[in-house]
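To start, the structure itself, in structure tokens.
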Ligand SMILES: CSC[C@@H](O)[C@@H](O)C(=O)COP(=O)(O)O
């Protein structure tokens, strides 16, 4: 199947209802491959090795993983073991724990034989809800963008984004991209600066692919270009997604987000964070308490692109995958309930 970047659900149940079908994202946009996950182990590997990624989509995948585990064995012991196995597949996105808690909470009061069906139903509901949340985020973000564009109506609204917080990172529409898609569809001339987002290049590979599929004008930039573009008046707003917003409003997101927020502050460019309630972690006080995933240095020393991987340094590398943007640098949070200055 050819995928042209037009948004669609990035996770569904398999045709027989017993598994989950996901887009294998590691070789996008060069290779389009849908794969079927048939066990909790499959789901764990898909999350850990980033076949699937993005906070809400990680949660949805884990929810189906738990359902698949219960289809094999509906006991308390199996539930607890699969919960723990899936929870440790990636540490930073709080949607993972949220989704596992949703499914586990729904099935625990039930007899073992009834748990799998109820877990699949809960996972389906999580997916449906994610789509609705993102549409609501989009509707509120659209009005925000309309207001911003009215300040400079004679030129396109220049939005900068980091990483991929689009339909490939959620069940559909995306968080940070939903307002962009709706603004474009509403006739607001939008142009997006797409941070390439080293080391894994989710911007250059995934966000650009999505925007092209939707017909949104965009330009991929090196991660280091954003500060210059802001200083020279070429960015009207920054909008990013997030893996976890803590009780005080700190924002954990893909490495490099913090530097964009600093540059935005210094240049009076509004910095927006799009999130559904499933990404808000009221139980964690500040960003300093969020576990930051440390991934393999190979993701830095090699760059993957069309035709394979090339080595870009002979030295070793460190690879912290997320950073924390302090709440004081956030202009507003774009949520399904509206645009808020604090969480
Ligand atoms: C709506 S997705 C928000 C975040 O999860 C996204 O911006 C991000 O950082 C994804 O990181 P990834 O490491 O690709 O899973």
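Just so you know, glycine gets a Cβ as well, placed from its N, Cα and C.
Nobody curates TrEMBL annotations by hand; they come from automatic prediction.
Feature annotations, reproduced from TrEMBL:
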type     : residues                      : note
BINDING  : 53, 54, 55, 90, 202, 253, 254 : substrate binding site
SITE     : 163                           : site 'Transition state stabilizer'
ACT_SITE : 243                           : active site, proton donor
Rounded to a whole angstrom, what is the C-alpha distance between residue 202 (substrate binding site) and residue 243 (active site, proton donor)? 14
DSSP on residue 54 (substrate binding site), three-state: which is it? coil
Distance [Cα-Cα, Å, rounded] between residue 243 (active site, proton donor) and residue 55 (substrate binding site): 5
List the residues of the same chain that sit at least 6 positions away from residue 54 (substrate binding site) in sequence and have their Cβ under 8 Å from its Cβ, in sequence order, or write 'none'. 93, 164, 165, 168, 169, 170, 241
DSSP three-state assignment (helix, strand or coil) for residue 202 (substrate binding site): helix
Under 8 Å Cβ-Cβ from residue 253 (substrate binding site), six or more apart in the same chain: what's there? 162, 163, 240, 241, 242, 243, 273, 322, 323, 325
Assigned element (helix, strand, coil) containing residue 253 (substrate binding site), judged by DSSP: strand
Among 53, 54, 55, 90, 202, 253, 254, the record's substrate binders - longest CA distance, Å: 17
